[in-house]
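Novice: One structure, pasted below without further comment.
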Amino acid sequence: MLMLMLVAAVTMWLRPLVTAQLCRSRTVRTGKVFNLIQDVQGDRLYFHPTTTRLIKHPCEKNIALYLGKQVFFTMDNFETSLLPFTIPTSMQVGVPEVTSAHFAGSLLLLVVDQKVYIYDYENNSWSMSLGIKHPVTHVSGDNCCYTGSLFCVHVSNLVFAYFRGDQISQTYIYYSNTGGFSFWKYHYDRQAEIIGSLGGIFHFFSLSQVAMLVVNQGKGMFKYSDHPLNRSFGLSFDYNGTLDILIAPGQRGILLLWFENSLLFSHNAGQLVDTVRVKKGDQTLFSSIFEAKITIHNIAVTENELAVITREDNLYYGNLGIVPSSIIKFADQYIWSEDVALMFRSPGTLEILTPLRDTAFPAFDFQKCLVNIQALLMDPELHVGKCKIEFLTGEFIYRMYTIDMHSQLELTASLIPQPGTSLIPLVMVSNPHSLGFQATFYENGYTSDGNTKYKLDIFLKQQQHWGRTDSNFTSSLKKATMSTLTVDIANKEISCVDIKPLSTLISVGCDLDKKIVIQNKVSACSMGILDPLTLQDNYSFIIEKEFYDPGFQGQQSSEDLHVFYSYQQLGCPLLVYYDTLWKPVVELWRKDSFQEVIDAEYVLLEVNGQFSYSYSLTAQSAMCTSQPQNWTTMIKEFGGPFFWNRENYVSCHDPNNNAPLRWPDVQYQILGGRTANQIIFGHNGFYVFYISIVDPYYSYCQLETIFSIYVYGAFPVQLVSAGVVILLIISSILGSVWLAYKTPKLLRTARGRRIKKCATQLCRRCKTVCQFRASATARAGTEPPGRHRTPHGGRSDH
C-alpha cells in the first residue's frame, strides 16, 4: 500500500514537469512599472459566444484580434500588456457586441450591433461603412498575400456583409469592392427561389465562384454562382449547430466548418465536406468530433496545419492535405480556461494564449505557452510514423503567375526521399474547370550520400485548350479565373511538420505586362512632310466644322475645333496616302519584347469626333448573319465613347447572336479578324485614333491605345457643289452649239456684211501695227548700245 501511494505521488509530481517541458509558459507584462498605460476610453467591445476566437492577419503575421469576454487588438503578437479594445463613443454603436470580424488589407472590419465599422489600424481611425440599409451579423472575405500584385489588392478588397440565419429568399446581402468602405446590394441569381436559411456567403477565389451556404432541415450545402457549378448544389452534410466557416490562408480552397460539437473539412471549397477524424498513429479512433464526445473551445488554422483545444483540457493537432483530414490527441495538459485561445507563430510552433486580468491596472497581461509540435510528435506513445521526405522544393513558391489566353506555363519541383523509401508526388489545381496540367516525374541524379533525386515537370495551360474535357465541365473561356497549384506527397506522415506543400497562385487572366503598339515604319517626319521639332513646339491644327462632331454621331459641328498635338504621347504621325485602302498594323508587346502581329478583331474611333473617313465593307459584304454593332449604337447604349471592348463585343458572325440583319448596307466598323475590312480617307490632315481589341478570345486584357496618322494627297475641298459645276459645263456646250449654228446665217444678211467688213479692217490695222513694231525692234538690236535712230532721222543718247 505504501509503495502504491509512493508511485502515485511520483506520477503526480512528474506530470506537471513533463507538461512544463512541452509547453513553456511565460507572462507578458509591460508598461506597468511607471503606470504608463492610460485608462480605457470609449465603449468596451465584447464577444458573446461561450467560445473564444483569435483572428490572425493572413499576411501581417504580428497583427491579430482576440475575441472573448474582452476584445484585444495587437500589432506585436500580444508581446505587450493591452487595454481592452474599444470603439469611440462618438460612433454611437448602442450595444458594443462584436458578432464578426475580418481583416481586409490594412483595415479591420467589425460587425457591432448589426452594423459594419472600419478600424484603420495604420492611421488609428474609425469610420462606419456606407450603403448598408438593413441589419447584418457577419462579414466574409479573403486576403491575398502576394506583394506587388493588383489582383491581390482586388481579392483583399472584396467583402460580403449578411445576416446569418435569415431566410435566403428574403434576406439582404451586401458586397463591397472597396475593402468595406462602401457596400452595394448583391443580387444572387434566383435568390428568391432558394429554400433554406443563410449560413454564409463567400467568394472562393480558389474556385472563382461566389458560394452561398444553404441550411435546410438539418443539412447544409453550398450553392455556386457560375458555370459549370451553378447547375446543382454541392454534396450535403450534417448541419447540427451554427457553424463558423474558416477559409484557410493561401487560396487553396481549404475550409474548416466548426462549432462546439462538430468539426468539418473541405479541400475543394465546399464541393465535398467531410468530418475530421480522430486518430492515433494510423488507427482511426473516431470518425467525427461528435462521436469522440469532444467539446471544442477554440481552433487555429494555417495554410497546412490545424490545432484544436477542448474544454476537456486536451490539445489536438493535424495537417491539412488532400486526404481526409484527421487530428491526433497530445498528452493531457493543464492548459484550458474559458479565456484560452490558440494561434500558430510559425510552422510547427503553436502558442496557447490566455488574457490575465490585473486588479491594480486596467491593462491585461497575457500568459503565453509555446508548444513545439515536432517535439510532441516524437512521443512514442503517439505512434507517429517517421517522415519519409528529406527534401521538397520548387522555384515557384511565394510567387504568383499569370496565364493569359492561349498562353502556357512550365514549372518544376525537386524531391529527395529518405534512404530506402519511395514517394508518390501529388499535383493538384484548385480550379480544374479553368486550369489543366500535365506532369512528368523522373529521376534526376543522386545526392552526395547516394540518395536518388527526382524532378517533377509541370506543364499548365487553360483547361479548354487541352481538348480532353467536355464543355459542361469547363468554365466560360471568356471569363478570367484563378487557380492554385499545389504539389504535395501522397500519404504524407503527420510528422513532416517542416515539409510544407509547395503552392503558388495562378491567375488565368490578364497579363498586365502586355500592351499593343501601332507599327510606324513610314512616318510623316521620316518622309520630310512634317518636322518633329515643329510638332514638339506646342503644335496645333484646325479641324473644320464640316468634318467633326463632338458627340461622335456624324453630325456637323457649329464651329471649327482647335486641337493641340501631344507629341510626347503620340510621337510623329504615321503617313497615309488618301487614295489607299488602309488599316493599322497592330503589334503585341510584352514589356519590351515583341510577341506577334495581332490579327484579332478591333475597332477604331477618332478621338476628336472626325468622321471624314469610311469603311470598305458593309454588313452584307462582311458576311454578317446578324446586325453588327457600331459606334453609334454603342455610344448610345453606354452613354459615351471608348466603352466598346471585349466585355460587351458581340460578333455578327456568332451563330448564337439572334439580332436580325435589318440594315445590310450599314458600314461594318470592325477591323481585323476574318474580314478584309479597311478604312477609306477623303480628307487631308491629322487623325488621332483610339484602338481597342474587342475579340474576347484573344486576351483577357483590355488592350487599347491611341495613335496618330497624317493623311496627304487628297484634292482640295470643292467650294461649289458638283451639281452646279455640271450645270455650267452643259450650259457652255449648248451655247457653243447654238453659236456654231447661228453665225453663218447672220453673215448672209446686210448687217452681217457690215460686221464682217469692220472685222476685216480691224485685222488689217492690227497687222500693220505689229509689222512696224517688229521692224523697229530688229533695227534697235544692230546699233551700238545706248544709241539708236529716232523716227525723224536724228540720234538720241540714253
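Positions of Cβ are set from backbone N, Cα and C atoms, glycine also.
Heads up, here are the entries from Swiss-Prot:
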- C23-C369: disulfide bond (DISULFID)
- C59-C145: disulfide bond (DISULFID)
- C144-C152: disulfide bond (DISULFID)
- C387-C496: disulfide bond (DISULFID)
- C510-C701: disulfide bond (DISULFID)
- C525-C572: disulfide bond (DISULFID)
- C624-C652: disulfide bond (DISULFID)
- N123: N-linked glycosylation site (CARBOHYD)
- N230: N-linked glycosylation site (CARBOHYD)
- N240: N-linked glycosylation site (CARBOHYD)
- N472: N-linked glycosylation site (CARBOHYD)
- N538: N-linked glycosylation site (CARBOHYD)
- N630: N-linked glycosylation site (CARBOHYD)
- 1-20: signal peptide (SIGNAL)
- 21-723: topological domain 'Extracellular' (TOPO_DOM)
- 746-798: topological domain 'Cytoplasmic' (TOPO_DOM)
- 724-745: transmembrane segment (TRANSMEM)
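Mind running through what each feature is packed against?
Specialist: Secondary structure at C369 (disulfide bond), taken from DSSP and collapsed to helix, strand or coil, is strand. Under 8 Å, Cβ to Cβ, and six or more positions away along its own chain, C369 (disulfide bond) finds C23, R24, S25, R26, I335, E351, I352, L353, T354.
Around the Cβ of C145 (disulfide bond), a 10 Å sphere holds 19 further Cβ atoms from the protein chains shown. A coil conformation is recorded for C145 (disulfide bond) in the three-state DSSP classification, outside any helix or strand.
Of all Cβ atoms in the protein chains displayed, 21 besides its own lie within 10 Å of the Cβ of C152 (disulfide bond).
C496 (disulfide bond) falls within neither a helix nor a strand when secondary structure is assigned with DSSP, and so counts as coil.
Less than 8 angstroms from the CB of C510 (disulfide bond) sit T402, D404, A480, S699, Y700, C701, Q702, each of them six or more residues away in the same chain.
C572 (disulfide bond) falls outside any helix or strand according to DSSP and counts as coil.
Residue environment of C652 (disulfide bond) contains 19 other Cβ atoms, counted within 10 Å of its Cβ in all protein chains.
Around the Cβ of N123 (N-linked glycosylation site), a 10 Å sphere holds 8 further Cβ atoms from the protein chains shown. Look at N123 (N-linked glycosylation site): DSSP puts it in coil.
DSSP assigns N230 (N-linked glycosylation site) to a helix in the three-state reduction.
Sequence-distant contacts of N240 (N-linked glycosylation site), defined by Cβ-Cβ distance under 8 angstroms and a gap of at least six in the same chain, are G218, N261, S262, F290.
Around N472 (N-linked glycosylation site), taking its Cβ as the centre, 8 other Cβ atoms fall within 10 Å, counting all chains.
Around N538 (N-linked glycosylation site), the C-beta neighbours below 8 angstroms that are at least 6 residues distant in the chain are F564.
Every protein chain considered, the tally of other Cβ atoms within 10 Å of the Cβ of N630 (N-linked glycosylation site) stands at 18.
Here the topological domain 'Extracellular' (21-723) returns a mean pLDDT of 92 for the predicted model.
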Novice: Please work out the number of neighbouring Cβ atoms within 10 Å of the Cβ of C701 (disulfide bond), leaving out its own Cβ.
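Specialist: 21, counting other Cβ atoms within 10 Å of C701 (disulfide bond).
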Novice: If one looks at the chain holding C572 (disulfide bond), which residues at least 6 apart in sequence have a CB under 8 angstroms from its CB?
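Specialist: The list for C572 (disulfide bond) reads N520, S523, A524, C525, S526, L530, P532, L535, given in order along the sequence.
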Novice: I'd like the Cβ neighbour count for N230 (N-linked glycosylation site), meaning other Cβ atoms within 10 Å of its Cβ, all protein chains included.
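Specialist: Counting Cβ neighbours of N230 (N-linked glycosylation site) within 10 Å gives 14.
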Novice: CA-CA, which of the recorded positions C152, C387, N472, C652 lies nearest N630 (N-linked glycosylation site)?
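Specialist: For N630 (N-linked glycosylation site), the spatially nearest of the recorded positions is C652.
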Novice: So if I measure Cβ to Cβ from C624 (disulfide bond) and keep only same-chain residues at least 6 apart in sequence, which ones fall under 8 Å?
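Specialist: Non-local contacts for C624 (disulfide bond): C652, H653, L661, P664, Y668.
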Novice: Nearest to N472 (N-linked glycosylation site) in three-dimensional space, by Cα, is which of the recorded positions C59, N123, C144, N230, C387?
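Specialist: Closest by Cα: N230.
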Novice: DSSP secondary structure for C387 (disulfide bond), reduced to helix/strand/coil, please.
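Specialist: In three-state terms, C387 (disulfide bond) counts as coil.
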Novice: Just checking the recorded positions N123, C144, C152, C387, C496: which sit within 10 A of C59 (disulfide bond), CA to CA?
Specialist: C144
Novice: Where N123 (N-linked glycosylation site) and C145 (disulfide bond) are concerned, what is their Cα separation in Å, rounded?
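Specialist: Cα-Cα distance, N123 (N-linked glycosylation site) to C145 (disulfide bond): 21 Å.
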Novice: What is the one among the disulfide-bonded residues C23, C59, C387, C525 whose Cβ has the most other Cβ atoms less than or equal to 10 Å away?
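Specialist: Of C23, C59, C387, C525, the one with the most crowded Cβ is C23.
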